[in-house]
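Student: Below is the structure I would like to discuss, written out as structure tokens.
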């Protein structure tokens, strides 16, 4: 009966730390320099990134803290403790809808960007379908496998981004960064709003913390993981602005163009973009996979008797269908904002609501 | 177990898709564009009509390392039309292979086109927007017909476009500049900064001359003139880039040639009155004596100062010539004073940026003072070749 | 859960079939009559030529006796000198407890068992024992006289090292156990025997070091071995395939090796070895993806060179899997990603080649696989000829005939060489399978397809297990302390801990790699 168990159902706090950047770094990393430099002057966008990053870190910390107060309890069970079961079910459903939307968006976005740079004639549908199939394959494996994939891919994504920036040094012009602090307050605020869109998917923490073996350390780890994202974003933003200057706001995917522009002198790897495509598809893959997995997890907590595979097979066509809805790049942009803002809104309201309820109920407990 | 079942379904699915391969085009079935030349067409229609010449690489003509290729390694096709992309499709009717711009080396714009107001930015649009275009593609301006440049076939490079791109990259003389990339032009166009583009012309059947630098006004993105020879050198001294190269100068009436090893320039704003801005430009140069017709011993301090002074005067002369032409004649700022003002005097810049080198043209109204510091780094291998009695 | 229920089902099935497999001599006892006994055993074994039935009269006690053995399996000198002679000479008088006396005092052989069941006797004889019947007694003495011809210890054929011990396992399990014992003189070294083979009755020995290995691993392996239900095991591969975690995976989840030093060092790390009688290949489990790319050579060279060699091996593994696929993707889909001059020279060489790059690559890869297979199966002398013919056919003729491009030949050759530098043959086979899937993916979706397949392989690996241990450890789940001996091989003085990912009981280890004394 007893197969040699390897603590398969449980994950380490460290894996949460890796899951956060794997989740947050997605399509946003390719486009955010454009949006951000649109509303801020010169290199000032980094202030906005840090501002929104700190907010994201706070949120991550708060969610992890709350969830770790109910170790090994699913979101549904501790939310029903705090805000009664029907409300908890509604919240979980909202999270799963958000997850479906996010998955669908990423699937669509990957086919869009592949079309921009890799394909001409291959239909969007096929590109997206292949990607979705791989995601389904990943999600249908064990949940620990999802985290292991993050652990495998994250160092690759991180290292190659560092390499990209290293090679970009030769193309940078410091003049493009100067002068500093010339943006007005509203610019910073708008920039903060814009860059906040790139910190997607804090909501996963509500669900994944319940898997952590020893959740004491998770709040710190979650915040630290978010910190990694902030650092990455700041560096990428500064690189893009230093290389492109005012053109940053006019390039559709500044980071991809960066990889295209850089030529390593001599040899086979003169054109590095191929390598970077691999990396970004991986980054987007991890996000999509976790968004899907959390959705499945959320729905599974509502319908505990339903087989996980059944949920996956029911959701996949739905996701695929949603991903084909936006008919052009403008609608896709609106879709993106919708998904991001709803993610922030949902996570934000839920965490504030739950904290308040926790304080009230926790207080009561202490009285007893 | 289930995911394995999924995989078993997945693989045949892949096989099924294999029938697709929508985008697979074999390498030998692609045409590689190496150069594009844009000219004004002989017959003008309602709008401006262009003549577009595309240079395709013929790989077989290149030969391999062991055997020389037979025949020409390139093929030029031309068509006329009003939109670049439309002409491109017209050319596709002549070309047997799908043209790919991935390996585009150089885009040549003839000066006729560049001098027309507003045309240049429109032409650039397709090169920036098209998704397979690289921002690293070089851009040059040609005196005369641009397509002539694509017919110049030098002996050691089999593709003219490659020759042009190598030519723009080589740094031997001070009157050339960094190769201009389409990406750079994009940035300049967006911020309406004036910029320079290498200016080439056909020299003989098998060579091209790097004439100088075409000067473009940012406001209208049209070419206003060229800088050649000393003016181009002067520009480089002031900007503080690409000074490598040799400079002949008179040292006590004897010709001395210096090789410039390093150089830099710093700007200072000495008068902040916007109608009468004064810039102080300090040019620092390190030079090596490579040729000298006289007999001064550069190891002596006073002689070394003579050398320095000779070079300083020469450089100052060239810089002032450049200023005269750029500031007074063309009235466009390609000295990057705008960058300097933006980074160091932002408030002032905010005030005047709309009328910098257009409209009010504060740039043309400004004064530029040149100050040159030369350091002789090395006197050369042998510091005295002939010894004339009169020096001692 | 599913896995364990599968094993349980197999186990039940095995018990049933074990009942069915019993002969009609089931539980027949040895009788008192010598003649009956001898004819019974003859009848049971079918009275073959090599069955020696020696009847004798022991003069001193005036009793008839019989000795039965199979000539090829036994050491006949031993029988003559230590049994026959001693019984005739040393047995002085009859005793009521004569069998005990013979057992204890007379026969000069250490390994003697008593049996009174025909099945046990026949099994003993088939194992090389000599059965001694005494008329009028129901007890048979089974004397360990196993011997006969066997292969001497030689250098391992499949894993050769430049530096390192030269001995390899042989077919005899006793010799193999002895080889391990010689390496590890630890009293906690355990050999737990299993009998498998419904008809062949072979011995499998599970070897581990008690106190180091995680007992869960041993329990699990033993449990899985219990389920092995098969007539005959020609090689340890049968066992491997029976007990591996996923038979649908292209990845080998159990390592096989011919090298005692490898087995010993793996035992020291906290792994379990399975020795199978009749094959020189021992199995080692649980393993990780990295183990397949490690060689004993890594430890026998100084750490710096060993690290570089290992990095080289990882690189060649990458090339072996991805090179043809990348070539197709770049040539057919993304020519913009190749440097310009290289593009032109590839285009020039491909001019006039009738096939698209994908077909060309598949063509060449299949040709190569055929040549490889032919070279392996043929006798060594002819095998070399195949190599020459293949080299000529691929390298020269195909190119000059304009069927394939020279670049493709380079790609194929580089891939082939890279795949040969992978130390384990079974993982090299896996790489070949993956290579073809990458080729297909590249032909269909270019670089995008390659990335998707790469991600799929990763998904597969993270869900794969070797005896319950994640195959992707120590990468993920991460055991940073184990990175010292993964892609790099840290100085031997710094690898003082056993691999954490095996969760050994005894973490401290100064001697992961015992000094080989032979």
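Note that the numbers count up from 1, one per residue, in the order the chain is shown.
Using N, Cα and C of the backbone, Cβ positions are placed for all residues, glycine too.
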Student: When you get a sec, could you say which of A:103-121, A:122-140 is annotated transmembrane segment by TrEMBL?
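Tutor: Here TrEMBL associates transmembrane segment with the stretch A:122-140.
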Student: Can we call the transmembrane segment (A:341-358) and the transmembrane segment (A:152-172) in contact, meaning three or more C-beta pairs below 8 angstroms at a sequence separation of 6+?
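Tutor: As far as Cβ distances go (cut-off 8 Å, pairs 6 or more apart), the transmembrane segment (A:341-358) and the transmembrane segment (A:152-172) do not touch.
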Student: Count the CB pairs under 8 A between the transmembrane segment (A:45-63) and each of A:122-140, A:192-211, A:275-299, A:311-329, then give me the winner.
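Tutor: Most Cβ pairs under 8 Å with the transmembrane segment (A:45-63) come from A:192-211.
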Student: The transmembrane segment (A:122-140) and the transmembrane segment (A:16-33): do they have three or more Cβ pairs under 8 Å, with pairs 6 or more apart in sequence?
Tutor: no
Student: With the transmembrane segment (A:152-172) as the reference, which stretch in A:75-102, A:122-140, A:223-245 has the largest tally of C-beta pairs below 8 Å?
Tutor: A:223-245
Student: Report, as numbers and ranges, every residue of the chain located at least six residues beyond the transmembrane segment (A:192-211) whose Cβ falls under 8 Å of a Cβ in that stretch; write 'none' if there are none.
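Tutor: Distant Cβ neighbours of the transmembrane segment (A:192-211) are 9-11, 16, 19-20, 23-24, 26, 28-29, 32, 35-36, 38-39, 45, 48-49, 51-53, 55-56, 59-60, 63-64, 67-68, 70-75, 95, 98-99, 102, 143, 218, 222, 226, 229, 233, 287, 290-291, 294, 297-298, 336-337, 339-341, 343-344, 346-347, 350.
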Student: What same-chain residues lie close to the transmembrane segment (A:311-329): Cβ under 8 Å, and 6 or more beyond its ends?
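Tutor: Same-chain residues near the transmembrane segment (A:311-329) but 6 or more away: 100-101, 103-105, 107-108, 111-112, 124-125, 128-129, 132, 136, 139-140, 292, 295-296, 299-300, 303, 335.
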Student: Are there residues at least 6 beyond the ends of the transmembrane segment (A:223-245) whose Cβ is under 8 Å from a Cβ of it, and what are they?
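Tutor: Same-chain residues near the transmembrane segment (A:223-245) but 6 or more away: 16-21, 24-25, 29, 32-33, 36-37, 42-43, 45-46, 49-50, 53-54, 56-58, 60-61, 64, 158, 161, 165, 168, 171-177, 195, 198-199, 202, 251, 254-255, 257-258, 261.
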